[in-house]
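Annotated in TrEMBL:
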| type | residues | note |
| --- | --- | --- |
| COMPBIAS | 869-910 | compositional bias 'Low complexity' |
| COMPBIAS | 918-936 | compositional bias 'Low complexity' |
| DOMAIN | 27-94 | domain 'P5A-ATPase transmembrane helical hairpin' |
| DOMAIN | 262-398 | domain 'P-type ATPase A' |
| REGION | 857-941 | region 'Disordered' |
| TRANSMEM | 60-84 | transmembrane segment |
| TRANSMEM | 202-219 | transmembrane segment |
| TRANSMEM | 225-243 | transmembrane segment |
| TRANSMEM | 413-432 | transmembrane segment |
| TRANSMEM | 1045-1064 | transmembrane segment |
| TRANSMEM | 1085-1104 | transmembrane segment |
| TRANSMEM | 1128-1151 | transmembrane segment |
| TRANSMEM | 1172-1191 | transmembrane segment |
| TRANSMEM | 1197-1217 | transmembrane segment |
Amino acid sequence: MALPPGFLPSCDAQELQDITLYRKLDRWHRLDVAPFLALYAVWAAWALQQLATHGGDSFVLIQLVTYALLALHALTYLGTVWSVGIKSRLHFRAVGRLEDATHVKVVPHSFVGTREIVPLQGRITEGSPIISFDFRKLHFILDAEDGMFRKLKYPTKETFATYRASGGYGSEGKLVAALERWGPNKFVVPVPSFRELLWEQLLAPFFCFQVFCVGLWALDDYWYYSAFTLLMLVSFECTVVGQRKKNLSDVRRLQAPKEPLNVYRSGKWGKLPGDALLPGDVVSVVRSEGGDDLVLQADMLLLAGTCIVDEAVLTGESTPQWKNPVGEATGDEIDASELEPTSRLSIKRDRMHVLFGGTKLLQTSGDKSAKIKTPDGGCLAVVLRTGFGTAQGSLMRTILYSTERVTANNAEAFLFILFLLVWAIAASGYVLHKGLQDPDRDRFKLILNCIMILTSVIPPELPMELTVAVNASLLALARKRIFCTEPFRIPVAGKITTCCFDKTGTLTSDHMILEGVAGTKGHELDVVTDVKTLPTAVSRVLACCQSLLQVDKGLVGDPVEKAAVEATGWVCKQDTITSPKEGSSKEVNKIMHRFHFSSVLKRMSTIVQTEGVSSSSWWVLSKGAPEVVQGMLAKVPPHYQQCYKRYASEGARVLAMAYKQLPSEMTPSELRHLPRDHAESELVFAGFAVFRSPLKDDSEPALRMLRESQHQLIMITGDAPLTACHTAGKVHIVTRPALILNRSGQGSSASNGASLFWLSPDESTREPFVADPEAAWQLADEYDLCITGDSLAALQEIGAAETYVPLAQVYARVTPEQKEVVVKMLRSAGLHVLMCGDGTNDVGALKGAHVGVALLPPPDISKSKQKKASNSSSSISTAKAAIKGKGEAGPAVAPASGSAAAAPRGLPGSQLQARQQPATAGDVVAADPAAPPAVTHNRPGTQMLDKMRAQGRTVTPFLERMAKSMDDMASAAEAEASNMVKPGDASMAAPFTAKQSSVMPCLDILKQGRCTLVTTIQMFKILGLLCLSTAYSLSVLYMDGIKLGDLQATVAGMLTASMFLFISNAKPLPVMSKTRPHSRVFCRYVFISLLGQFSLYLAFLMYMQHQAHALMPKDERQEPDAEFKPNLINTVCFLANFIIQTMSFAVNYVGEPFNTPLHLNTMFNAAVRWSAILYILLVVNLPVGFSKWFSLVTLPAMMQVQMLGLGALVFVLATGIERGARVAFPAAIPPEKGGLCGPSSRAVLPGAAWRERKEE
């Protein structure tokens, strides 16, 4: 349907908030060109008239008007660069009809991006126009039916019948139309030239302001200082541009090579390159001939055959995933292969049938009965999404566009500058008022000085220093194998109050141990540890009710299922499981169908065909949560609940097992179409499988350190509440008597909370549930609370979830969606939340937290080396390479047998010795992947020492320190080279990805976040003090004819730049303190410290200026507009400003308890000490004549004493003010228990009230 003329379209996309149509103006009609051409003509006529009338007397006025006009034109042009709104008004004209538009202004939703003006694209296909635009690699197309721009749709919501009937593209016309619609399967990431990127950086607002300030200093004859500042700024911007260009080039190389694969088009198979794939293509998916893992090149739906894929890049889940075909329809609501043909695909629900782009294909098993036979025996799949529409494309867009500007708080920074501007306006007004009273003053110089005073309080170094601080943190985290895709979250990590953890795979090991089976006949309350002595029916459930995968002759999958199969001794080869031969009896079980595990249903089942010596039978084998399986049993044993609760309360993972035999006359087709509800009913109880999951070595010490630093700890898990509470007690999450919120029924009574009650794990304590907040706070003050998934749903029904969620310590039996709900409720309660998890079930919670940390264990190095060695040839060069590789890897793994290597990172030495335990090589690698490589012979410092020793030369301690510094710089360069986040390093699951298996990286992130936050706040304070001092120097002192020499200003600028650089490299302390850093610029601590210090510095400066006035003869005084000449007042003021600048850095440096103390920050400490020594030498003029190098005069003896004595006194007093303000107004420390419950008041503050008190 064609759109009517004059139609105004809108947008319907979750990424976009609004769109506006515009038409681009030609150059001479733009409002930043045409009006100014007229203004320049008027200016020229006026200037000529002034010169003709007043001659040279009007030159100053003409000069001022000329500068003002040029500045107005420059600001107008730059406004179009800085602001999309200004650009749309000056370069474009809003239109009300689609046919008149050439561009569209896109307004995205918050956190999706910034506004942009993008061109409209139009093309004709088969007689109908297609109008579209691109925004951040997303393609939006106008729907002619309703006139709405929508994101390009891929065939991801068709019916299953449609997918099953897919036959690929049968005609050239459809192929061309698909190519025009979706384009090639490429990630087009254009890399601008260095010149283009540099021009973009040089037009940034703060850089333009910095250049403007440089121009003002140059006009005031500070040529050296201006040249130095400009060189420093341009050098920094060139460095940033170089890094940006490198990052963009790296992003282009991130995509895996598009390997050719078989595609079914026009009724025949043919090899096509991967970038030729189109949505709707039918392809054959198979591993490469060399046996290497294939990176999937598009999102595909599996039609026939089975695949095993590694999805760690998307989910952080290290366990390979089994992908099943959509199969035939049977009516099961969980497995999409059994949905009705009219049901539509939901990628979120049916991900077990979807192969995602960017994931690795580990194994394929083709289906010979597929409708379309594949030529290479691969699996049959239909392409769903390509290019940036795939899962891999989404990750690449995250890396490309999630780099938001990093500031402590943009609004607070703006208000802080406004506060400083008040002082500058007062000082500037004073100078202007006094200057206009003197008829002999140079008006140009007067106005120039007033502008310089106003600009002096806007710190041009601020964005540069913030960038340096955050980049230093990024680099420090990257060295520890922690990667961040959203740098703006690093300072947020310094504000974290609540840390949430998944249990299995995060706090506890993935390696499960089957302790035995409990509840069997004759052992109703005991565990049979020798599983091989159990009845065959029980062993069959253990061995055959599983979804294990066979990859490279090894089983992979759920650790629970692996432990169960290994304990039975049965042999598993894909879907065929064989029992050990006992005498003449031996049975072979073949899994005919699986009802896959669901976090909603909390169970799984298989249907197996059992072939014995003389008979064949069909069995349904089930396992799941004991409370769920209980309702599926034909008869519940009397000891059922007592038995499983006993072992669950001891921290074991307990699974109930059941089975039943099906009629032998059923056919395989009938078995596969058996409804799940019918199959999982009237089961016979087989026993409880009791599994143990040991804690990871680092879990207890890591959470102990978090507890000691006053963080609220929460566990959010899908495990049983008794198991969760026991494990939580081992890791300091539960430290008081626990109560579990139970739900007695599912009826309407839940609407008022009558069905809820609190029960202790041993059932000795029972408390009624009360929805009243006061009662909830009192309960949380006495007990640690555990809320189950069902109870959480009930709390949401009665509206009590907001009250209880911040008060609980453990959440058990929760679904992935409920994990996300919990995290978001904690955030809404005013808490800053960290979530740490390792798998698919945690993705929603990881993204919902302020700081999400996905644990992505590195691949097994030994296995990868063995694989490479098996594929390598036996040539001499390859053998040498293998020997060299072995030598490099050996020392890194060898310490595994030692005690010291097993100690968790981050513990003090005494604790290391106390906790020495044997560990495996894998544990060592996971414990500290940031450890330096054992072989360092290729480091420049080591090479230098080796060469000297080979020559017989003496290696002094100084040379050893120098060599170590060289090696450290080389290591830093290597780490910086790998600072770019790659899909192999980061996952889409969270902003932070730690390539480790322990939770220790959470401490690293929090410590680095505190370090960055503290550095940011102290930068604001230091810049504020320097700006206030500069404004005074440029105002009151200027009226007395006092100004700095060019060399003096240059030295001061170099000192400031170097100290800011050194202060940004502060490192966090190894142990976190309970004390919190101040998270806001506007708090009493900052303002009292700032104003107190400035009062001292101002008094010192004014007093020394007054003393210099008294001692300096009047005939030596300098006029305000005179050329600079050294004198006593200038010398005193320069020295006073110099030591004030040094003191501002030294006094406001925040070391303990967050960062390394001043004396351990080597470079910064050296800068402060040498600055103080330089000050002393300049004051006393030693060696004689030294002060003349800085355009200073020799001070009288008494004034030397005053400068040194008063300077020392001011330093002591300023330090006292800073430390006193820090002690008197500390940052609020959140309570460690009960959400917002304070231990002193034994009551809970509502979230808003606690937030109001945070900075008091």
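Cβ from N, Cα, C; glycine included.
Taking pairs at least six residues apart, the transmembrane segment (1085-1104) and the transmembrane segment (1197-1217) share three or more Cβ pairs below 8 Å and count as touching.
Between the transmembrane segment (1045-1064) and the stretches 60-84, 202-219, 225-243, 1197-1217, it is 225-243 that has the most C-beta pairs under 8 angstroms. Taken through DSSP, the domain 'P5A-ATPase transmembrane helical hairpin' (27-94) splits into 59 helix, 3 strand, 6 coil. Distant neighbours of the transmembrane segment (60-84): 32, 36, 39-40, 43, 46-47, 50-51, 90-91, 105, 114-117, 203-205, 208, 442-444, 447; these residues of the same chain sit at least 6 beyond its ends, with a Cβ under 8 Å from one of its Cβ atoms. Residues 1088-1089, 1092-1093, 1096-1097, 1100, 1103-1104, 1107-1108, 1111, 1132, 1135-1136, 1139, 1143, 1146-1147, 1175-1176, 1179-1180 of the same chain sit 6 or more residues outside the transmembrane segment (1197-1217) yet have a Cβ under 8 Å from a Cβ within it.
Restricting the average to the domain 'P-type ATPase A' (262-398) gives a pLDDT of 79.
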